[in-house]
Amino acid sequence: MNTFGREFRITTFGESHGKAVGVVVDGVPAGLPLSEEDVKRELERRMFCHIPVLNPRCEPEEFEILSGVKEGRTQGTPIAIVIWNRKVISSYYEELWLKPRPGHADLAYYLKYGINYDHRGGGRASGRTTAAIVAAGAVAKAVLRHVGVEVLGHVVELGGVEISATYTVDDVRKSWEKPLPVVDDAALEKMVEKIREAVLRGDSIGGGVEVWALGVPPGLGEPHFGKIKADLAKAAFSIPGVVAFEWGAGRALAKMFGSEANDPITVVNGRPALATNRAGGLLGGITVGAPLYFRAWFKPTPSVRKPQQTVDLGKMEPTTLEFKGRYDVTIVPKALVALEAITAVVLADHVLRAGIIRRDRPISGSLV
């Protein structure tokens with residue numbers, strides 16, 4: 001399926017080397033402030049063009065908002081955003097037509113669709129398609145700003161190098177002023193060295209990120225299959241390359257006694273609140289007013305220059321593949337922006353489901 005969400009719904013489309021990728025966002029109330037600059041800002045955060053090995057394609061992200069927005073405000077109708085694919089070199093992929101790349105979706109798509117799929121640049125399974133999710137996230141973040149919710153993230157691991165410094169939310173915000181959004185300067189230096197090493201080896205590296213949501217009102221989420229973390233886990237695994245997901249203190253809780261794992265409950269400003277937040281802002285999958293946070297990990301980019309064993313599907317015999325096209329030495333920084341975006345989409349959906357914002361009422365501009 002290419003559609004996600006219940007009240008705030010997104011439908012993405014497009015392939016890596018097609019004319020464009022894009023998204024249709026439905027469920028946005030009328031009167032919400034939304035500009036092209038909002039979308040441009042999020043798309044540019046994803047690019048990392050100042051580090052060419054992280055984004056050798058580095059497209060300028062030419063996009064258009066085709067519908068649903070007029071004079072800087074939403075119309076309450078579907079918002080269609082198209083992002084044109086410009087820097088496409090499909091010749092690299094001619095020899096890959098019948099040689100599926102190990103670790104990529106090529107083999108799975110061949111087994112499911114036969115020859116009826118676009119393999120160039122990874123096609124529908126490419127990280128390029130996350131540009132559409134980031135555009136949808138720009139709309140979702142506009143919805144969340146209206147209710148005081150902020151979504152932000154940072155890199156916590158890259159190429160086996162993990163951050164070790166303690167940090168605050170403000171440190172996470174400031175990390176985006178660095179070459180990579182990493183709060184720990186010593187770890188950042190080692191991560192850059194790992195990137196250089198991978199480039200010299202003709203290889204790639206994976207890593208992990210952490211995403212926070214601040215100002216989330218209590219009461220979002222529903223029992224069992226409507227839990228916030230269930231929806232966010234599904235959303236996270238929809239981002240290409242995600243291999244693991246951890247909510248709150250995650251695995252560390254499994255090593256504690258219950259008395260250590262539980263967050264004490266106290267009173268803040270006359271309301272019950274968590275004294276600590278090992279639970280990641282959720283109890284029973286429902287928000288309690290504390291910050292939400294989770295971590296996700298990405299495998300190394302499957303496309304590498306080192307020779308790899310595969311199969312020639314035309315001859316049905318083993319062969320060796322040496323990839324000659326452009327590839328990202330790591331997708332982690334760009335994928336972080338996509339994870340922020342899909343987190344915003346999930347939370348915007350739950351804000352609408354809870355009735356905090358009504359789809360059938362304009363946010364502003366009403367004459368009655």
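Quick reminder: no glycine exception, Cβ is built from N, Cα and C everywhere.
The annotation NADP(+) binding site is assigned in Swiss-Prot to R46. The feature FMN binding site is assigned by Swiss-Prot to R124, A125, S126, G284, K299, P300, T301, P302, S303, R326, with sequence analysis given as support.
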Using a 10 Å radius around its CB, how many other CB atoms surround T301 (FMN binding site)?
22
Please report the number of other Cβ atoms within 10 Å of the Cβ of R124 (FMN binding site).
21
Cβ atoms near S126 (FMN binding site) (within 10 Å, other residues, all chains):
22
If you count other CB atoms within 10 A of each CB, which of R46, K299 wins among these binding-site residues?
R46
Give me the Cα-Cα distance between K299 (FMN binding site) and the residue listed as 'NADP(+) binding site', rounded to a whole Å.
18
Within 10 Å of the Cβ of S303 (FMN binding site), how many other Cβ atoms can be counted across all chains shown?
23
Roughly how wide, in whole Å, is the group R124, A125, S126, G284, K299, P300, T301, P302, S303, R326 that binds FMN, by largest Cα to Cα distance?
45
Inter-residue Cα distance where the pair is the residue listed as 'NADP(+) binding site' and T301 (FMN binding site), in Å:
16
